[in-house]
Amino acid sequence: MRYYEKIDGSKYRNIWVVGDLHGCYTNLMNKLDTIGFDNKKDLLISVGDLVDRGAENVECLELITFPWFRAVRGNHEQMMIDGLSERGNVNHWLLNGGGWFFNLDYDKEILAKALAHKADELPLIIELVSKDKKYVICHADYPFDEYEFGKPVDHQQVIWNRERISNSQNGIVKEIKGADTFIFGHTPAVKPLKFANQMYIDTGAVFCGNLTLIQVQGEGA
């Protein structure tokens, strides 16, 4: 399992971070058209959960093959990887929206298996350095009070933990040291949430069509 990946923002014009897609490929493409995304100059980083619950799961999974797209591993990628492995728990995945895979035709199933294998290479944490700012992108949480690139982490905490956001919503807000901004998904909300230097950008695209993109580099950031 890959834990950390570092991205040098100077290689790109504009950079956006997108919330949980959950198979909402057309919604994303429409958003990218609206913002004038240029796949030769710009970069899109996903907070994970590309698949499950929505209708266009293979299309969303295929995004990880494109050079203009990066993603961290979400709990739904992990359930897919585990469910398709020999020792995996397929029922856990099915209960959480994985049924789409078992309704694919033969060709799409072969493609989805290959993409799931590639998804097993996704990092848990992306560090983006953009000019003088450091952004850390994880699916659910960075489970420490201070960030350090390469620090050992419990992968289950990174992709599942809701303790920090729960505390923040109850008024117990703590900054995470070591980076300027932390961007998470995983916990759906009506609008993006911000507590101290943490942003939560899962706005329930698969439930209500509201997909959030946050620009972190370029004009408008």
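Quick reminder: no glycine exception, Cβ is built from N, Cα and C everywhere.
Feature list (source: Swiss-Prot):
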type	residues	note
ACT_SITE	HIS76	active site, proton donor
BINDING	ASP20, HIS22, ASP49	Mn(2+) 1 binding site
BINDING	ASP49, ASN75, HIS186	Mn(2+) 2 binding site
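Shown on the structure are the features that Swiss-Prot records.
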{"residue": "ASP20", "record": "Mn(2+) 1 binding site", "contacts (Cβ under 8 Å, 6+ apart)": "VAL47, GLY48, ASP49, GLY74, GLY185, HIS186, PRO188, ASP202, ALA205, VAL206"}
{"residue": "HIS22", "record": "Mn(2+) 1 binding site", "contacts (Cβ under 8 Å, 6+ apart)": "ASP49, LEU50, VAL51, ASP52, ARG53, GLY54, CYS60, HIS76, GLY97, ALA205, VAL206"}
{"residue": "ASN75", "record": "Mn(2+) 2 binding site", "contacts (Cβ under 8 Å, 6+ apart)": "GLY48, ASP49, HIS139, ALA140, ILE159, TRP160, HIS186"}
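Within 10 Å of the Cβ of HIS186 (Mn(2+) 2 binding site) there are 25 other Cβ atoms, across all protein chains. DSSP assigns HIS186 (Mn(2+) 2 binding site) to coil in the three-state reduction, outside any helix or strand. Same-chain neighbours of the Mn(2+) 2 site beyond ASP49, ASN75, HIS186, judged by a C-beta within 8 angstroms of the site's C-beta center, are, in sequence order, ASP20, VAL47, GLY48, GLY74, HIS76, HIS139, ALA140, ILE159, TRP160, GLY185, ASP202. Annotation note: the residue listed as 'active site, proton donor' sits in a helical segment as assigned by DSSP. Using the Cβ center of ASP20, HIS22, ASP49 for Mn(2+) 1, the list of other same-chain residues with Cβ within 8 Å runs, in sequence order, GLY19, LEU21, GLY23, GLY48, LEU50, VAL51, ASP52, ARG53, GLY54, GLY74, HIS76, GLY185, ASP202, ALA205, VAL206.
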